[in-house]
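One structure is given here, and the rest of the page talks about it.
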Amino acid sequence: MSKTGGSDSKNTLYCSFCGKSQHEVRKLIAGPTVFICDECVELCMDIIREESKSSLVKSRDGIPTPKEIRKVLDDYVIGQDHAKKVLSVAVHNHYKRLNHATKHGDVELAKSNILLIGPTGSGKTLLAQTLARILDVPFTMADATTLTEAGYVGEDVENIILKLLQAADYNVERAQRGIVYIDEIDKISRKSDNPSITRDVSGEGVQQALLKIMEGTVASVPPQGGRKHPQQEFLQVDTTNILFICGGAFAGLDKIISSRSKGSTSIGFQAKVAPPEDRRPGEVFREVEPEDLLKYGLIPEFIGRLPVLATLGDLDEEALKKILSEPKNALVKQYQRLFEMENVDLTIHEEALGAIARKAIERKTGARGLRSIMESILLDTMFDLPGLEGVEEVVISREVVEQSARPLYIYADRVGDAGASA
């Protein structure tokens, strides 16, 4: 019998699609006269996901509706409902503006760049990355702390456009419809409320340099990267239609907002003294006004280039537990896939997920700190596992997280902890 599906004389079963035997794959699912392996099932799911994404992008002249954008964001980002709504509307309007720019010449629609304000690890970068994936447009990230004014040691602002061009495979037209995410934008705030008499090449100077490309200019980009020199030929990239999303943790901004909102209520004998601020920074951020950003150190022109403002809140224990297990690319699913490659099942108890979430909250690292916690918990197991035989399952309990206890190893013929010999 052919080995493209069914079984042979030795009763070995084969996948009807790829022809692999039951010994070469992890799972073989039986149907009426056919079999399909887990690898082919995953391949089919990938094809369906890609086709679904393509049909989403192609709908309505290539512009997904805000609800469609929000739905995909929900698959990858837990919580932050208000920020997702603001971003969905802003991005939809931005690309609608691009598609209809040539159809209506009477009213010129201004570009609406976006400012994301939220604590470390609250999902700012992930939101921007997911938006670019949904829209199938070139995407690049830049760290504001590495940027300096042209002519100084550091990275030129125009290098951001070069990175976007590289992400678009040097297709200038595609790059001009891309998305740029600038992280740590709060780190380029002016060092004091008063204009500096000395050159601030990594603060206000960078804000001034970013103004032009964010508003719209034709940037001369050296295709080889690095500093410009007269012998190079430059590529001309119009930044007018590039969407800029800036994000930052803005440490200390909550105190500026609180002091403004309290005002002068505590002056005089008859005044009511406001209670001490006991809200989390993420809650206070919702009340941010342009004047607060001005006091923080952003210059007025820069604030004006970021008209859409979305604030992200602190992630609580329940949200962090969901982040660990629910999104399509959740951390737990990633580690389970790694263990599957060793033909071992990884089980993490619900209480263990809660303990991991509490550790991240204690460290004040948000979702960003979850991976390092998972790595430290699973390090010894991942070190030992490839050399062990007969292990079918590894179980992580709350004690493993909180008390550094050994994980439970379940063998094909017995049960033992990580200290047991193979």
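Placed from the backbone N, Cα and C atoms, the Cβ positions cover glycine too.
If you look up Swiss-Prot, you'll see 3-56 marked as domain 'ClpX-type ZB', on the strength of sequence analysis. Per Swiss-Prot, the feature Zn(2+) binding site maps to C15, C18, C37, C40; the stated evidence is sequence analysis. What Swiss-Prot lists as ATP binding site is P119, T120, G121, S122, G123, K124, T125, L126, and the listing cites sequence analysis.
Mapped onto this structure are the features recorded in Swiss-Prot.
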residue : record              : Cβ neighbours (10 Å)
C18     : Zn(2+) binding site : 15
C37     : Zn(2+) binding site : 24
C40     : Zn(2+) binding site : 18
P119    : ATP binding site    : 23
G121    : ATP binding site    : 23
S122    : ATP binding site    : 28
G123    : ATP binding site    : 28
K124    : ATP binding site    : 27
T125    : ATP binding site    : 16
L126    : ATP binding site    : 20
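With respect to their backbone Cα atoms, T120 (ATP binding site) and C40 (Zn(2+) binding site) stand 39 Å from each other.
Within 8 Å of the centroid defined by the CB atoms of C15, C18, C37, C40, the record's Zn(2+) site, lie the Cβ atoms of S16, F17, G19, K20, V25, L28, F35, I36, D38, E39, V41, excluding the listed residues themselves. Cβ-based crowding with a 10 Å cutoff singles out C15 as the top-ranked of the binding-site residues C15, T120.
In sequence order, G118, G247, L312, G366, A367, R368 are the residues of the same chain, not among P119, T120, G121, S122, G123, K124, T125, L126, whose CB sits within 8 A of the CB centroid for the ATP site.
DSSP assigns C15 (Zn(2+) binding site) to coil in the three-state reduction, outside any helix or strand. A distance of 47 Å separates the Cα atom of P119 (ATP binding site) from that of C18 (Zn(2+) binding site).
Recorded residues G121 (ATP binding site) and C40 (Zn(2+) binding site) have their alpha carbons 35 Å apart, per Cα-Cα distance.
Across the structure, L126 (ATP binding site) and C40 (Zn(2+) binding site) are spaced 29 Å apart at their Cα atoms. Taking CA atoms as the reference points, S122 (ATP binding site) and C40 (Zn(2+) binding site) are 35 Å apart.
For the pair C18 (Zn(2+) binding site) and G123 (ATP binding site), the Cα-Cα distance reads 39 Å. Between K124 (ATP binding site) and C40 (Zn(2+) binding site), the C-alpha separation comes to 34 Å. Reduced to three states, the DSSP call for C37 (Zn(2+) binding site) is strand.
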